[in-house]
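To start, the structure under review is shown below, and the notes come after it.
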Amino acid sequence: MPSNKYLFLVLLAGALMVWVIYLGYASHMFRNMQLGKQMLTHARNCNTPLYTPSLLNGRKDVVTVTPWLAPIVWEGTFDMNILDAIYKPQNITVANTVFAVGKYVQFLKDYLESAEQYFMLGYRVHYYIFTDQPEAVPTVTLGADRRITTLKIPGSDRWQEITLRRMEMIENLIETQLVSEADYIFCLDVDTKFYGHWGAESLSRLVAAVHFGFYSASREHFTYERRPESQAYIPYGEGDYYYGGAMIGGLVREVYKVTKTCHLWLDMDKANSIEAVWQEESHLNKYFLYNKPTKLLSPEYLWHGPYAGNEVKIIRFTQVWKDASKVRPN
Amino acid sequence: KLQQCVWWCGCVCVTCVYAFVCAYLLICTYICVCNSRKDVITVTPWLAPVVWEGTFHTTLIDAIYKMQNITVATTVFALGKYVQFLKDFLESAEKHYMQGYRVHYYIFTDQPEAVPTVTLGASRSLTTLKIPSSNRWQEITLRRMERLEKLIETQLSNEVDYIFSLDVDTKFYGHWGVETLGDIVAVIHPGYYSTPRDDFPYERRSESQAYIPYGKGDFYYGGAVIGGRVEKVHKLAKTCRMQLDVDKANSIEAAWQEESHLNKYFLYNKPTKILSPEYLWQDTKYITPDIKIIRFSQVIKNYAKVRPNP
């Protein structure tokens, strides 16, 4: 009889909905969202002087250490006071390199102004701006103990060319100047802006940032270079994380090794007429696979767009929206 | 007939939706589940990793350290009746401790003849160092820092990369490998890893060099394990020894002897890596759910029978 069947159907649907809701509630996803909210409160408490370290209470919704025991830096996992007490006495200098070629000079103002608000405050910072238009570098009021050096480099009519030469430029800069001037270096993309604190918690021997697009993906989906002809080749089944090319950091001598090796691999690829799928980012990922970073920055440190993810409680540094056709030479 | 069709369509739709949502949730869980522990904290507020089972891949870490051709020195003190613990310590170390790496044991003892003969693996050696005994166990434990300092100065600097100073009244029960290596490594005392900081048995008398006031402190570290790079451990041993000397001159002995001074040192010189209580347990303790494996544990002993004094 039709009405009984409909009734049965409705009851079945109802039971299934209840089951699905229960599954969803019990699953990691929803639990993590709840935890995440609790942890944000915890995170805010982290930087108050009365914060007590604990082995059992703290941020548990994210992975805070890699399988080779390098810490992954998330909001709520570190105490600024303790870290500043470790690093401030070391009287360090942090170099910050950025490339602004062609129309990319338009990003410099926001980049520098926001860096002056959030990047390594209280430390000695030396910006190195690589540009083909030194006159276009904006005048920005810098804080105490912070300065800018502009370095003129040739432009190019291929954006891939510009990004590929960065490794070589940074390698030369370190060889000629930084090795005696700076302790740590961060190589960042310029089409970006700081929105939140970026401090001494990011310092370590060799620092990489987890790419925002891949932090919860499994390794088959990473856009590694998959052609064995390229030096950047990483076969399926291998790989730890997908690191963003927009951030390389660490001790000057360690980053020197990164740039030197990547430069070598880029030259080898060029000689073999092959360009890695994501240019230097592909080579960087290869490097970090075999030379594990000693510290990873969570996607808070390399985000894209204004909307945070569930686990990403604070956006510190993000790529700004740009119309690619308007800023790229090709 | 139309109604029957609708009925079957409805059933199929509902089943499809159900299957899809289930699959989505399961896949989401699979992708979001990472290879790590979510029940414990795996990094300190100064971003030093805390080593728990499930947080590291032995293969990955071995790949990093095997290339470096390292030597790990391991010191133990076995005086008076404590020599009885040497056999189990060494035999279990040969099974679990730094397997596949070059290890050099340094046994400080007042009875070199009592050091048992234990079959050592390849690339592993043992040196016995004779030191005078004492009729106070506190005295023995207090002089360890000085001995460690001198050993590093005289013998270890060139030959050895890392050093661990371990208590002898212990036994290895599980894997202890290069995941424990770091610049300066401390272990969480098993008795205090979930207690609030004001309950830590820090030295609370301001007259002692080991004094830590209430409201301060990160963790309570166990004195039974100190590790790290040789030069860093030397600095630790030297500083603690100097502070112990000052206390002695002022006729004060810290609540837990060198462990109190160690905790003071680690408060102002943060360890770069912390070992979870898996790396220092006590055989007498009930195993809590967050401890997935016991690697190294203090054995049950009758204090009256092993200590020269109460």
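Backbone N, Cα and C atoms are what each Cβ position is placed from, and that goes for glycine too.
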Listed in TrEMBL for the UDP-N-acetyl-alpha-D-galactosamine site shared with B:D167, B:V168, B:D169, one of B:Y65, B:Y82, B:Y265, B:Y268:
B:Y82
Farthest-apart CA atoms of B:Y82, B:D167, B:V168, B:D169, residues recorded for UDP-N-acetyl-alpha-D-galactosamine, distance in Å
10
Reduce the DSSP letter at B:D169 (UDP-N-acetyl-alpha-D-galactosamine binding site) to three states and note it down.
coil
So B:V168 (UDP-N-acetyl-alpha-D-galactosamine binding site), by the Cβ count within 10 Å over all chains shown, scores 24
In whole Å, how far is B:E259 (active site, nucleophile) from B:D167 (UDP-N-acetyl-alpha-D-galactosamine binding site) when you measure between their Cα atoms?
12
Rounded Cα distance, in Å, between B:E259 (active site, nucleophile) and B:V168 (UDP-N-acetyl-alpha-D-galactosamine binding site) is 15
So B:D169 (UDP-N-acetyl-alpha-D-galactosamine binding site), by the Cβ count within 10 Å over all chains shown, scores 21
